[in-house]
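Asker: So TrEMBL says this about it:
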DOMAIN    A:55-270  domain 'ABC transmembrane type-1'
TRANSMEM  A:61-85  transmembrane segment
TRANSMEM  A:106-126  transmembrane segment
TRANSMEM  A:146-170  transmembrane segment
TRANSMEM  A:251-274  transmembrane segment
TRANSMEM  A:306-331  transmembrane segment
TRANSMEM  A:351-377  transmembrane segment
DOMAIN    A:355-547  domain 'ABC transmembrane type-1'
TRANSMEM  A:398-418  transmembrane segment
TRANSMEM  A:430-450  transmembrane segment
TRANSMEM  A:480-500  transmembrane segment
TRANSMEM  A:529-550  transmembrane segment
């Protein structure tokens with residue numbers, strides 16, 4: 001019975017707080033918040049918002065970052081998939097996807113900063129030999145006013161996300177046969193893939209693409225590290241207004257949060273219009289008969305971007321590691337001289353608390369997420385309802401809601417609401433806020449494997465006299481151990497990387513490795529940032545190592561389970 | 001400390017009056033300040049949430065040391081809530097008061113001074129007066145050292161307790177700037193002396209484009225640079241020591257904007273981008289992007305050399321006419337549920353042991369607020385400054401201290417800067 | 001048991017979206033095999049799913065199915081005592097060979113271990129109990145699947161193209177073994193197949209669906 005309620009429970013759990021949070025952002029945005037003396041509706045907050053210096057620029061930036069990041073990431077993923085030919089490089093790039101995905105956004109952003117800064121690893125490696133630079137060039141690279149470095153930092157993480165989503169969707173499409181068919185008609189492989197598989201793949205990854213747009217338009221932590229500053233992106237500006245000691249600024253911040261929602265929706269609408277345009281133009285291209293030209297170039301582009309992306313993330317981590325071990329490191333020396341363990345030794349005593357808190361929150365959010373996801377999926381199986389049909393499916397697309405509504409827009413209102421209710425269980429609130437983001441990812445990651453498991457296993461077990469509960473515990477769970485652990489690792493990684501959902505509900509009191517690392521960003525001490533960013537990157541990676549290793553260990557004498565099903 | 005109280009307080013007054021009615025002040029769990037023994041007993045077992053800017057690892061390390069001592073000595077669990085901005089904590093207390101939370105606040109002690117203190121005092125968000133009840137407070141000899149009871153011209157009236165002293169200190173890489181080593185820099189900027197005044201800084205920046213900058217306003221250190229420049233440039237210096245409303249802001253500050261407009265094109269990144277904070281300047285110095293920088297902590301350059309962040313050729317100095325200095329404090333919010341613990345912590349921070357440890361270059365290097373000359377011989381030796389360290393400022397340099405303007409100037413300057421240079 | 005184990009299908013009709021797929025009226029006695037043949041998509045497997053209790057709710061089914069006098073259609077799948085053999089042996093990959101057999105046996109059966117050893121020995125798999133099923137050959141796996149079905153003491157067996165994945169040489173041998181053991185156990189069997197040789201080997205009546 002309880003099982004049947006889970007879809008409803010999940011939807012309520014996700015939609016309720018988001019709607020409440022949005023409402024509590026909307027009311028103060030129009031001047032209504034009795035606790036702060038706002039008793040009547042007015043447009044004053046909006047007038048004040050419009051008077052903020054650089055508002056138009058902030059808004060434009062957020063919009064542009066969202067669209068460009070998404071377009072580049074999607075194009076790179078499609079080109080790579082189109083051109084991938086199963087070479088060793090292609091396989092290596094694919095395998096690198098999971099660890100890249102587990103890398104928290106902030107750590108990736110720090111790594112990129114260490115790589116491309118004027119005094120970064122690349123400039124050091126090329127100097128002074130190739131560049132003639134004896135000291136770092138005075139170039140605007142990081143935090144550039146056009147948001148380019150911010151986009152690059154986001155692309156670094158969104159490419160693996162979209163690639164993984166595509167790889168999960170591809171088996172439904174029987175791509176090799178489509179490509180083989182087109183090739184037999186004289187199409188070069190990359191063009192064949194783009195013309196026969198991509199149009200069918202896109203609808204399957206549309207929601208993840210929308211999630212990328214929403215995330216990139218409203219991201220805070222990456223923008224704090226790599227984003228422009230005068231003015232910052234809209235989400236960062238809203239956070240600053242929200243934290244202003246002058247409480248009347250909260251009305252302005254609320255208006256800003258609503259504007260952020262508008263910007264994200266506008267970005268989605270623009271993208272949708274773009275989709276229509278591409279579909280219309282694409283229709284002609286699909287059947288225009290061009291089948292050879294550009295194949296090589298497209299293939300090289302896809303692989304090139306993927307390779308650059310993976311290398312950038314990897315080298316960024318190397319840069320972080322070097323910095324964390326660096327004694328004095330004069331430009332343009334490629335390596336620090338001397339090396340020292342001092343930064344680690346000094347950080348070690350202060351690492352314990354935040355690491356424990358991080359893991360506690362991650363586990364506390366991931367366990368209920370796993371239980372809820374399993375319950376919903378099991379309910380789906382018992383209802384013998386195919387996921388592709390029925391209202392259930394459409395209800396569960398609401399899972400994407402927390403990924404599409406900008407965090408700052410509803411978390412802001414949620415905090416106002418909870419403060420109003422006098423709730424002070426900080427850690428509890430943080431865990432709950434994390435659950436909102438962990439649950440969708442856990443569900444999406446588990447659903448694929450759960451739904452793909454051959455239904456005959458369950459039928460067989462039932463026909464052998466086992467109850468549905470027995471089938472769940474004795475057949476499905478053990479057989480799905482590997483995907484289950486992977487989903488758990490995804491949940492942990494998502495939780496570990498959360499910045500705003502820790503900062504706002506935790507009232508700053510809940511310190512995780514992510515909030516600590518981002519707080520250090522302003523300090524500009526590369527060595528300490530190196531230490532914290534590496535720790536932040538290592539935690540989710542450990543989860544994935546366990547998730548991959550444990551099934552191998554447990555099933556070491558069961559060949560049928562050793563590969564990831 | 002990055003956030004300005006950028007709205008005029010006047011607009012807020014009616015709102016706050018309404019709030020005060022809705023949430024009458026209740027001094028919760030207020031300990032009896034006359035009985036220090038009882039305060040200590042009450043403190044035992046309390047968790048003290050200390051909100052302090054967490055952008056510098058040395059400060060954080062020192063606070064961690066304090067926490068350890070407090071647990072051992074007084075059975076008080078000190079939790080450092082790391083802020084990226086003290087304004088955040090002020091905003092939190094305001095929000096709590098607005099929500100009617102008068103005895104279960106989330107902050108027990110707050111590292112504060114200047115405009116944040118002024119704002120909290122004005123809104124009656126602080127507990128006190130308590131400073132004079134702290135047994136160690138007498139060691140600061142306030143009658144002889146008025147700066148420990150004055151915060152940006154405002155009398156503290158016992159609502160905050162002094163913790164440390166800061167003064168703007170410039171530093172540079174002598175190997176590069178003075179050409180002490182000619183092996184690398186042969187580009188003619190070699191033998192220049194570092195600039196000794198705000199005016200000379202402009203000439204210096206013209207000669208060394210891209211090699212100096214200041215933190216982005218509203219950063220605390222950056223805002224202090226604005227005040228330093230304003231003091232040097234304005235011909236109405238006395239106006240700065242009264243509330244900003246009492247003078248013609250535009251007229252007083254006109255020379256400052258003229259100066260900044262001239263300076264910015266020669267700054268790092270052509271003045272289109274500014275680093276996030278004071279410590280970020282240090283990072284840029286370490287990477288060789290800047291040739292000249294400044295800090296609020298006179299011993300920071302020497303400490304950073306010891307930490308491998310700056311080259312050994314780093315040297316410090318203050319401007320010829322002196323630089324801005326101030327004292328930073330700790331205060332207790334009115335709704336702190338652990339006032340006894342906060343008091344014991346504030347008292348410990350004033351102890352010679354804690355003050356000397358704080359001044360230790362290898363720890364933090366923040367100067368003491370105690371009147372060292374009047375301590376007994378043994379205790380005094382704890383505070384000996386290593387004059388041999390070449391990166392360290394000579395102690396006599398710090399006698400040329402300029403007083404902080406009235407806090408309202410900070411806020412007004414920040415707002416004007418942001419309006420002028422954002423999205424330019 | 002007084003009532004002989006007869007599987008009776010009375011006017012069973014299965015329709016999808018108003019279109020009739022299967023209509024069967026048949027009676028299968030103990031040890032007898034009824035073979036259903038016909039092209040793919042006519043609903044052979046749907047009929048098996050209906051009898052075993054896994055019919056997708058999208059289908060509309062009518063009629064009665066009784067086994068040894070018990071009405072099956074109202075029972076949940078796990079209470080029907082209808083064993084299944086699929087194209088693939090479907091040995092649980094997380095259990096050993098013996099674990100797979102034990103998984104199917106009634107809970108309170110005495111002396112499980114001895115029965116398992118004996119059953120394995122009878123099909124030429126003595127000593128295979130602790131093996132990982134993934135390491136067995138196709139023919140061996142098919143035999144284990146058959147044993148699992150028999151040891152679970154079903155009252156009837158449904159075979160869904162059980163030999164189609166085996167190569168020709170193995171197929172005849174396996175077929176002989178399966179039908180012999182099912183007959184020996186006295187189970188009424190319903191076989192769905194494409195292969196005429198299956199039907200011939202089964203020896204029972206054949207219904208051809210179209």
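Positions of Cβ are set from backbone N, Cα and C atoms, glycine also.
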Asker: Are there residues at least six beyond either end of the transmembrane segment (A:480-500) with Cβ under 8 Å to its Cβ atoms? List them, or say none.
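Answerer: Residues packing against the transmembrane segment (A:480-500) from afar: 101-102, 104-106, 220-221, 239, 358, 361-363, 365-366, 369-370, 373-374, 407-408, 411, 433-434, 437-438, 441-442, 445-446, 448-450, 453, 512-515, 518, 536, 539-540, 543-544, 546-548, 550-551, 554-555, 561, 564-565.
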Asker: Do the transmembrane segment (A:251-274) and the transmembrane segment (A:106-126) share at least 3 Cβ pairs closer than 8 Å, excluding pairs fewer than 6 residues apart in sequence?
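Answerer: No, the stretches stay apart by this measure.
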Asker: For the transmembrane segment (A:306-331), which partner among A:61-85, A:106-126, A:146-170, A:430-450, A:529-550 gives the most CB pairs under 8 Å?
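Answerer: Out of the listed stretches, A:106-126 contacts the transmembrane segment (A:306-331) most.
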Asker: Short question: which residues 6 or more past the ends of the transmembrane segment (A:61-85) have a Cβ under 8 Å from it?
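Answerer: For the transmembrane segment (A:61-85), the sequence-distant neighbours (Cβ-Cβ under 8 Å, at least 6 residues beyond its ends) are 93-94, 146-147, 150-151, 154-155, 158-159, 161-163, 166, 170, 189-191, 193-194, 197-198, 201, 209, 212-214, 216-218, 227-228, 231, 233-235, 260, 263-264, 266-267, 270-271, 274, 298-303, 305-306, 309.
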Asker: With pairs closer than 6 in sequence left out, are the transmembrane segment (A:529-550) and the transmembrane segment (A:351-377) joined by 3 or more CB pairs under 8 Å?
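Answerer: Yes, the transmembrane segment (A:351-377) and the transmembrane segment (A:529-550) are in contact.
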Asker: Rank A:106-126, A:146-170, A:430-450 by Cβ pairs under 8 Å to the transmembrane segment (A:529-550) and hand me the top one.
Answerer: A:106-126
